[in-house]
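What TrEMBL annotates here:
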{"type": "TRANSMEM", "residues": "12-33", "note": "transmembrane segment"}
{"type": "TRANSMEM", "residues": "45-69", "note": "transmembrane segment"}
{"type": "TRANSMEM", "residues": "89-119", "note": "transmembrane segment"}
{"type": "TRANSMEM", "residues": "139-162", "note": "transmembrane segment"}
{"type": "TRANSMEM", "residues": "174-201", "note": "transmembrane segment"}
{"type": "TRANSMEM", "residues": "221-242", "note": "transmembrane segment"}
{"type": "TRANSMEM", "residues": "254-276", "note": "transmembrane segment"}
{"type": "TRANSMEM", "residues": "282-299", "note": "transmembrane segment"}
{"type": "TRANSMEM", "residues": "306-327", "note": "transmembrane segment"}
{"type": "TRANSMEM", "residues": "347-370", "note": "transmembrane segment"}
{"type": "TRANSMEM", "residues": "377-395", "note": "transmembrane segment"}
{"type": "TRANSMEM", "residues": "415-436", "note": "transmembrane segment"}
Amino acid sequence: MASIHMAQRETWTSRIGFIFAAVGSAVGLGNIWSFPFQTATNGGAAFLVVYLLAVALIGFPTMLIEFVIGRRGEQNPVEAFRKIGHGQWSFVGGLGLFSSLLTLAFYSVVGGWVLSYIVGSATGSYFGDPGTYFGAVSAGPTAVAAHAVFMAITIGIVALGVTGGIERATTFMIPAILVLLVGLGAWATTLEGATAGYNYYLSPDFGVIANNFGTIVPPAMGQAFFTLSLGFSVMIAYASYLGEDDSLPADGGAIVVVNTLVALLAGFVVFPILFATGGAEGASGGAGTAFVALAGAFGNLPAGQIIGFVFFVVLLFAALSSSISLLEVPVSYITEHYGYRRSTTAVAAGVFIFLVGVPATFGTTWLGFYNDFVFKFLLPIAVLLLAVFIGWFADTDAMDELGRGSSVGGSFKTIWLWWVRTVVPIAVVVTLYLGIKALYTGLSSGAYFG
Ligand code: PHE
């Protein structure tokens, strides 16, 4: 059956189309919302340094792992493993699919908050009392309705197909995000808090890193995987629509660089805003504080209403260009495996995921635990398995695939393979150990459900 459906597989219309789609997946709430606030929570510039190292040294090589599997397999992330002759590893693709479902369920709830904040910026309704506004839109019927709208848009884009939906939407959204963020960053330089914000953001205190190694590394590594959409099978799915003449290292490099620039840029927008109205402390902490702190700042700044509106529109584009990639993982699997139509599948999977997300509209405690569970546990495990698989079980095929369509030399491939065999697994095991310890401490001290 698989071969019948394989014949109709779409491919990206152009190299840049693939890059936009993959950047769209990578650039999301993780860059613009979570990154500045994780930085604020974990000691400012110290976190930034560890995060950048994690992206370059572990994230980039891991992205190439997913690309190699996807393009070689030319199938959805579960069947790709079988196509390349290692069917017993399909569960790794399945694990990513599971993480995608779970993540989209909650991602869409937060996407719904963003929709409410766009409306709130237009009407000015959060300016008076940002805390109460957040409470009203993040839980209860408003949250459910906004979650439904966000999911409906996601379903609509995915139903239109890989080129007609995903590629077309991201080719519009990514340039828009870049232009608007640069504009916001330029505006932020004029704020009174700008210098203090930049200092906090950019002057690392290496003592802080040394003393807090165990608490900085797991979130930094988790953030690196999450922001690059690694461990979710998303990049396997996207690379499966690639042509042979694309250079995987060059495309991967471009995607990592643009994604990192967007996160850095988001910091240049958020920190001046926070320091103009108080400081970073108000923003460190759980999911909601970020929305409350920013909304509070917009309420107190000149032109805050229009700036707030633009900021949340950027956040919406970023969230949507990511959510479509999360939905594409189950949709690609179900359409290829069972032969159902894409549109029907997108609706059915989307509705199911919507229902899974509904409990997260009851309150935000759950979201914090869920976040840590994915960041500190599921993602590192998936990445560890991927690295062991490619490094030790499919190394010859992987080296061959990495070289196709690319001019990288043999030494790049050799170093990559060695790195994937040794450095990546060791780094991930250390992270996993530290992360599980932190999760356990959090659970037993009642930090989540206390
Ligand atoms: N990378 C996205 C972000 O930073 C999140 C995401 C993860 C999207 C996994 C797709 C897959 O927000």
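Glycine is no exception: its Cβ is also placed from the backbone N, Cα and C atoms.
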Residues of the parent chain within Cβ reach of the transmembrane segment (221-242), under 8 Å, 6 or more residues beyond its termini: 9-12, 18, 21-22, 25-26, 28, 30-31, 34-35, 38, 51, 54-55, 58-59, 62-63, 66-71, 73-78, 80, 93, 95-97, 99-100, 103, 162, 248, 255-256, 259, 263, 322, 325-326, 328-329, 332, 374-376, 378-383, 386, 427-428, 431, 435
Whether the transmembrane segment (139-162) meets the transmembrane segment (347-370): three or more C-beta pairs under 8 angstroms: yes
Of 45-69, 174-201, 254-276, 306-327, 415-436, whichever stretch has the most CB pairs under 8 A to the transmembrane segment (12-33): 306-327
Highest-contact recorded stretch vs the transmembrane segment (415-436), from 254-276, 306-327, 347-370, 377-395, CB pairs under 8 Å: 377-395
Long-range environment of the transmembrane segment (306-327) - Cβ separation under 8 angstroms, sequence gap at least 6: 21, 23-33, 100-101, 103-104, 107-108, 110-111, 114-115, 117-118, 121-122, 150-151, 153-155, 157-158, 165-166, 169-170, 173-174, 176-177, 180-181, 183-184, 187, 229, 232, 234, 237-238, 262, 269, 294-295, 298, 346, 349-350, 353
Dominant neighbour of the transmembrane segment (89-119) in 45-69, 174-201, 377-395, by Cβ pairs under 8 Å: 377-395
